[in-house]
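If you check TrEMBL, you get these features:
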{"type": "TRANSMEM", "residues": "26-48", "note": "transmembrane segment"}
{"type": "DOMAIN", "residues": "41-289", "note": "domain 'G-protein coupled receptors family 1 profile'"}
{"type": "TRANSMEM", "residues": "60-78", "note": "transmembrane segment"}
{"type": "TRANSMEM", "residues": "98-119", "note": "transmembrane segment"}
{"type": "TRANSMEM", "residues": "140-161", "note": "transmembrane segment"}
{"type": "TRANSMEM", "residues": "198-225", "note": "transmembrane segment"}
{"type": "TRANSMEM", "residues": "237-260", "note": "transmembrane segment"}
{"type": "TRANSMEM", "residues": "272-291", "note": "transmembrane segment"}
Amino acid sequence: PEPRNHTVLTGFVLSGLSRHPELKHLLFFTFCFIYIITIIGNLLIFMVTAHPSLNMPMYFFLRVLSFLDISTSSIVVPRMLLNLLLEDGSISYVGCTSQLYCVIFLAATECFILAAMAYDRYLAICNPLRYTIIMNSRACVSLVLLSFCSGNVVSMVQTAWVSSMPFCGLRNINYFFCDIPPLIMLSCSDTSLYEKQIIIAAALVILTPFCLILVSYACIISSILKISSAEGRHKTFSTCSSHLIVVTLYYASGTLTYLGPKSINSQETKKVLALMYTSVIPTLNPLIYSLRNKEVKGVLRKIIDEFRKI
């Protein structure tokens, strides 16, 4: 068939979460509440883990994770709420590509940060005598910078690749933010090459860190089983359980979004999965890490008591 004429797009239209107008007010108030909880919860975690008594690598990485969660939600949710409120999903081409770059950058960086956190737990449990020497402040900063640089490279390549596709005047994006899968669906050219490179990129960004996390936790579990007392095993595993929960939720939603089979991964399913890593998980992270961590809860009580005395 003859290719359609390529046109220069000035913008797109995001269809949003739902095509049912009667649900828009409910969705607006629900995700407005979730966004507020995300901001407050992650700012609280950031403030609590900055306490001098929590001057450890684990809490340094947790502060970085809170920053990434706040940023991801702030890139996606306010725009989604505005579209629900005004029923105007229009977004400029520059705005769409900027949002695409930011989401990929933050998501990829978080994948690497979660792997760095697993490595930190591995050293703390499996090599405690050398932990403070290996995991010094310079090593922590280097791991974070490496994660950010890797996320930036991945995002720049993917954004440039998607931006080079011809869209032929198609503007309606069946999604609530600009992401790779829905944008590729608008292209009038053969997208098989794009889809293959997305699978390769997703495998490198998602599966590679995930495999490193699995190896780390295999060594951690092996070390935990060698602890003689049941109390010691429980205490050691409790320091890792929070991270395991976050890793499971985050990597599962990302894997199904970008690597899930098309036969069971409809566009509506992709929306739900995308909501997981852009809205729900950033809200759950502060709850998971604070409710399951005695040190964080202890510092939080101290801060609350200090505010009461004022």
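Heads up, the Cβ atoms here are built off N, Cα and C, so glycines get one too.
Residues 57, 60-61, 64, 97, 100-102, 104-113, 116, 119-120, 180, 194, 197-198, 201, 204-205 of the same chain lie 6+ residues outside the transmembrane segment (140-161) yet bring a C-beta within less than 8 angstroms of a C-beta in it. Using a cut-off of 8 Å between Cβ atoms, the transmembrane segment (237-260) and the transmembrane segment (98-119) share at least three residue pairs, counting only pairs 6 or more apart in sequence. Sequence-distant residue pairs (6 or more apart) of the transmembrane segment (26-48) and the transmembrane segment (198-225) include fewer than 3 whose Cβ atoms are under 8 Å, leaving the two stretches without contact. Relative to the transmembrane segment (198-225), the listed stretch 98-119 leads the set 60-78, 98-119, 272-291 in CB pairs under 8 A. Same-chain residues lying 6 or more positions outside the transmembrane segment (272-291) and placing a CB less than 8 Å from one of its CB atoms are 17, 31, 34-35, 37-38, 41-42, 44-45, 48, 62, 65-66, 69-70, 72-73, 76-77, 103, 107, 175-177, 179, 242, 245-246, 249-250, 253-254, 256-257, 260, 297, 300.
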